[in-house]
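Feature annotations, courtesy of Swiss-Prot:
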BINDING   Glu100, Asp122, Asp126  Ca(2+) binding site
DISULFID  Cys40-Cys279  disulfide bond
DISULFID  Cys271-Cys277  disulfide bond
CARBOHYD  Asn2  N-linked glycosylation site
CARBOHYD  Asn17  N-linked glycosylation site
CARBOHYD  Asn26  N-linked glycosylation site
LIPID     Cys318  S-palmitoyl cysteine
TOPO_DOM  1-43  topological domain 'Extracellular'
TOPO_DOM  70-81  topological domain 'Cytoplasmic'
TOPO_DOM  107-123  topological domain 'Extracellular'
TOPO_DOM  146-165  topological domain 'Cytoplasmic'
TOPO_DOM  187-191  topological domain 'Extracellular'
TOPO_DOM  216-248  topological domain 'Cytoplasmic'
TOPO_DOM  272-280  topological domain 'Extracellular'
TOPO_DOM  305-332  topological domain 'Cytoplasmic'
TRANSMEM  44-69  transmembrane segment
TRANSMEM  82-106  transmembrane segment
TRANSMEM  124-145  transmembrane segment
TRANSMEM  166-186  transmembrane segment
TRANSMEM  192-215  transmembrane segment
TRANSMEM  249-271  transmembrane segment
TRANSMEM  281-304  transmembrane segment
Amino acid sequence: MNSTLQHGMHTSLHFWNRSTYGQHSNATESLGKGYPDGGCYEQLFVSPEVFVTLGVISLLENILVIVAIAKNKNLHSPMYFFICSLAVADMLVSVSNGSETIVITLLNSTDTDAQSFTVNIDNVIDSVICSSLLASICSLLSIAVDRYFTIFYALQYHNIMTVRRVGIIISCIWAACTVSGILFIIYSDSTAVIICLITMFFTMLALMASLYVHMFLMARLHIKRIAVLPGTGTIRQGANMKGAITLTILIGVFVVCWAPFFLHLIFYISCPQNPYCVCFMSHFNLYLILIMCNSIIDPLIYALRSQELRKTFKEIICCYPLGGLCDLSSRY
């Protein structure tokens, strides 16, 4: 995204930056001259086609997730509604990054008069990406809270997490994240905004980690207590723990894919002139690729961890021209 993160493309300053596709800032140039491996300070080039391709793949995958959850009534549960919210956020992040690649290409090829309009479009895209990032974090936290309730408040769960209440929670998440994302971009020239975003990221991770430490420490004891009750409490608790493990994988992938970007922000505000920090920040395009990969990996995790969702995926795909492949696979 367009920012002054040591190698920004635009003269306007924003904290989210898409680099200059092979060029670098004056500050980076001066740092590179003083070191024998000055090439480290060259902004890593990634072909625009890569961003567009990843955006299209993410779009198709996450639309499949959303349609599957809407189609299958067995998936109409709080956890899957929150997963649907996460899928929307993932889709917007990747599609917006892909769209921004096109905007940047236009910005480089248009005249000065048209560039101001293109920059405004890019600012809108930045706001969408920032809002989607916040929505992703909040959706993951919501899934963690939902798993916590299913394990420790199993008997009261359906009274606590009603469909109406879940709908209100998701609506509030997106409303708050949209407003926050817009404000972050408007005031992105301020270092305080970057610090606020970094703080939110690590605070949410700390909250989720706290929930999981408590969940996995107490889960076995709680399962034993539920097991003495009539019905299928043990089976239900086993399914709930499977959902908790799925979320653990999702959070792990999220951290791996987003951590380099937030480390980039930390370096930007703490050591922008340090040669090692500049070298790390020169790989910003790679960190954007990781972010887009997160949006592609998440639907694969859903499919691998949920037999019901996997079954629905197959039903949807078989309704289209690819149905012949489904018939062929069912014969062998």
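Count begins at 1; order follows the chain as displayed.
Using the three backbone atoms N, Cα and C, a Cβ is placed for every residue, glycine included.
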Same-chain residues at least 6 beyond the ends of the topological domain 'Cytoplasmic' (70-81) whose Cβ lies under 8 Å from its Cβ atoms: 143, 146-147, 150, 161, 163, 166-167, 170, 243, 308-309, 312, 315-316
Top Cβ-contact partner of the transmembrane segment (192-215) among 44-69, 124-145, 281-304 (pairs under 8 Å): 124-145
Helix, strand and coil counts within the topological domain 'Cytoplasmic' (146-165) (DSSP): 14 helix, 0 strand, 6 coil
Nearest recorded site to Cys271 (disulfide bond) by CA-CA distance, among binding-site residues Glu100, Asp122, Asp126: Asp126
Residues satisfying Cβ distance under 8 Å from Cys277 (disulfide bond), sequence separation of at least 6: Phe267, Tyr268, Ser270, Cys271
Separation of alpha carbons, the residue listed as 'S-palmitoyl cysteine' and Asp122 (Ca(2+) binding site) (Å): 38
Per-residue Cβ crowding (10 Å cut-off), top of recorded positions Cys271, Cys279, Cys318: Cys279
